[in-house]
Amino acid sequence: MTRVDDGVFSGAAASARRRLPRLFADYVDGGAHGEWTMVRNREAFREWGIVPRGLKNVETVDAGVRCFGQEWAAPFMLAPVGFAGMLHPDREVGAARAALRCGVGMAVSTFSIDPMEKVAKVGGAPLAQIYVFRDRGLTRDMLARAAQCGIDGIIVTIDTAITPVRERDVRNGFRHLSRPTLIQMAGMMAHPRWCLGMAGRGTPTIGNLAAYTSAHGIMGQAKDMAAQIDPTLDRVGLEWLRSEWKGRLVVKGVMHPEDARNVIAAGADGVIVSNHGGRQMDPSPATLDVLPQIVDAVEGRGDIVLDSGIRRGGDVVTALALGATAVSIGRPWAWALAAGGETSVEKAIRALSQEVVDILGLAGLEDIAALRRRGPQALWKL
Ligand SMILES: Cc1cc2nc3c(=O)[nH]c(=O)nc-3n(C[C@H](O)[C@H](O)[C@H](O)COP(=O)(O)O)c2cc1C
């Protein structure tokens, strides 16, 4: 089984793997097909060093950044993670509270257990991740709900036209969870803390989607709604979405410069360079490897967030030096939530923020603007 290093989140990841029933731990950890993309995402960062610099005043280092119209205290956000609310009773709302306290951004997944309305109530202006559904009426309804609860930015994910095999999920029967087998039940009972926590929250539903499906159980709902994701979505479809949504529009899953140009031409305000953490295309290039081409294609016409494989402060600084506005983390916050709920998510965010600050200081950079000015010159290609 593929194991990539978990960086500053190693403790949280190990704890999550202990606390979660195998099928949820594997759901978070796993990737598509041979899981090569996950490995590449990490390996790409190893090819760069950050050059240490001295004789600069770095008594105070500010890692704050402006991205997608928001001010963040550190240059990263929590990526949308489906079913995160199944990992700990604090659910997505707990993660949103942690993000708010730390001053970083957060996106709530279409497939979240807590609905966007509840997450938005926490404050901190979360972004809502949506899909364009075959039924445009449903899509419109999601947009209306987002606007209604004060969400001003949406992220539309475009790398899920097909759902590839994730072998760990197949092995564990993850997608047939609505009728758990004896083995699955036994696996859950072997994690009493998780069971008790979940039992205390009642029967879970996919909070964002429950109203659109009559299917029972989160897996039935997920299956029903995943079939709604429109595989015919093209530039015209994106232009339709742009015309329907007046707020900020970000497109997630951009890995090719032509896609980046199309997305910006269709009126998007930003892109997320992402291979879904290796959960969709496998084999795919690492996001860091394609980033410079996307930066060239966007030509400063929108913010660029990079995700997939960010595990260390050095990874964040490397991505920013190569032109990303900010980055986002998926599994790391999911592990932290599973490990210890809201408190652990806060701890994880602070650990990554501190590494970013330390790396900036050691590179002689007092803030992100200084990093941008230095750009790739802050790096050493190994
Ligand atoms: C368990 C899990 C569920 C995810 N669910 C979604 C989702 O519902 N929507 C989406 O756009 N991306 C989803 N993603 C992808 C993340 O938003 C992000 O692109 C990815 O996790 C980044 O890679 P990393 O996990 O290496 O940080 C999911 C990722 C994980 C690990």
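Any Cβ shown, glycine's included, is placed from N, Cα and C.
Whatever TrEMBL says is automated annotation, not expert-curated.
Here the domain 'FMN hydroxy acid dehydrogenase' (1-381) has a mean pLDDT of 96 out of 100. Taken from TrEMBL, the feature domain 'FMN hydroxy acid dehydrogenase' applies to 1-381.
The glyoxylate binding site annotation in TrEMBL covers Tyr27, Tyr131, Arg166, His276, Arg279. Cβ neighbours of Arg166 (glyoxylate binding site) (same chain, under 8 Å, six or more residues apart in sequence): Gly30, Gly31, Ala32, Phe174, Arg279.
Spatially close to Gly309 (FMN binding site) yet at least six residues away along the chain are Val4, Met38, Asn41, Arg42, Ala44, Phe45, Gly277, Gly278, Ala286, Thr287, Leu288, Asp315, judged by Cβ distances under 8 angstroms. The FMN binding site annotation in TrEMBL covers 80-82, Ser109, Gln129, Thr157, Lys252, Ser274, 307-311, 330-331.
Other Cβ atoms within 10 Å of the Cβ of His276 (glyoxylate binding site) number 25 in total over all chains. Annotation comment: TrEMBL describes His276 as active site, proton acceptor.
Here the Cα atom of Arg311 (FMN binding site) is found 18 Å from that of Tyr27 (glyoxylate binding site).
When the binding-site residues Tyr131, Arg166, Arg311 are checked against ligand 1, none has a Cβ within less than 6 Å of one of its atoms. Look at Asp307 (FMN binding site): DSSP puts it in coil.
Its Cβ placed at the centre, Arg331 (FMN binding site) has 26 other Cβ atoms within 10 Å.
Straight-line distance linking the Cα atoms of Arg331 (FMN binding site) and Tyr27 (glyoxylate binding site), rounded to a whole number, equals 10 Å. Here the binding-site residues are Pro80, Gly82, and the one whose Cβ sees the fewest other Cβ atoms within 10 Å is Gly82. DSSP classifies Gln129 (FMN binding site) as strand under the three-state reduction.
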